[in-house]
Amino acid sequence: MIGWEDVYKVTVAMVPLYVALLLGYGSVKWWGIFTPEQSDAINRLVCYFTLPLFAVEFTAHIDPFEMNYRFIGADAISKLVILAVLAFWAKCSSKGSYCWSITSFSLSTLTNALVVGVPLMKAMYGQVGVDLVVQSSVIQAIIWLTLLLFVLEFRRSGVTITKEQEKDVEGNTENGGEGSNRPSFWYLMKVVGMKMAMNPNSYGCMVGLAWAFVANRWHFEMPSMMEGSILIMSRAGTGTAMFSMGIFMANQEKLVACGTSLTIFGMVLRFIAGPAAMAIGAIAMGLHGDVLRVAIIQAALPQSITSFIFAKEYGMHAEVLSTAVIFGTIVSLPLLVAYYAILEFVH
């Protein structure tokens, strides 16, 4: 049972996030320290340096030989269910949009499992809950955030190449020539592949996981020099991400940049659609007891901060993701406690 001491521990984990957010907001809104161009540079620092090293640091210390593969299978099924629904909506609905499908996938599936999930799960279910939520974070970073990065890069590269070819077509037309403004699929895949290879977010977790396999197989620790080199940047990962989000908020005209309707839409996807899909996956994999409860509750954790950083970098509904992180984290604690109380009746 959760006591006030446990609530305090979760609050202790949440408050520093909002301190960093407030400092970022104030640095632009009140003190005028950063220009919009400098704000973009800070977000790129977070995207390409602190977050990849943060991913390396936490994946390098897991034990891949102790993973709960039925839990991971349930998580994969839940994500695939959401992908199928969103793909059908984008393809068949008159209001369907591939861009909004990408954002909706982020809102439904990507969680802030480490910062909020670890202290909360420890209070609710002890070490079992902590182990499962860490495993979920690792799989999210290796597979689902990499998939998100790929589709965002695919979209941006396609738009960029199309614009460049349109300029070439206009030049050819003026000279009496003809051309096509649609890039070939394989050329686009080649461009995306090269950009993914240069993006540390696409392989940071794989480096950490490879180290975890080797270290746990032959039982040795990471050299202190190597670990210190990673930690000096990775420890700033969450703080600088929230700071960047605060700067982004300050550059918007309204505090709730996406409006009330999109805020509610994001909350529904995060706290209802995500857990519902996870319940389907958990039932399909035959999970029961505390593992079933942890699976559903961890799917209702607040929005991933990394999803905002990617959205900002690639220009894809960053205002929606920032609102989901900020307000979702605030309302998450009472909602998660409610899930905990309800799931006590599930066996």
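For all residues, glycine too, the Cβ spot is worked out from N, Cα and C.
Remember, TrEMBL labels are computer predictions, not curated facts.
A quick note: this is a predicted structure, and the numbers were derived from the prediction, not measured.
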Which listed span TrEMBL calls transmembrane segment, if the choices are 213-231, 232-250: 232-250
Contact check, the transmembrane segment (262-285) vs the transmembrane segment (97-120), 3+ Cβ pairs under 8 Å, seq sep 6+: yes
Proximity verdict for the transmembrane segment (232-250) and the transmembrane segment (68-90), three or more C-beta pairs under 8 Å: no
Cβ contacts the transmembrane segment (12-33)/the transmembrane segment (132-152), at least three under 8 Å, sequence gap 6 or more: no
Interface-richest range of 45-62, 97-120, 323-342 toward the transmembrane segment (132-152), CB pairs under 8 Å: 97-120
Positions whose Cβ lies under 8 angstroms from the transmembrane segment (323-342), at least six residues beyond its ends: 2, 7, 10-11, 14, 17, 21, 107, 112, 116, 120, 124, 245, 249, 256-258, 262-263, 266-267, 270-271, 275, 293, 296-297, 300-305, 307-308
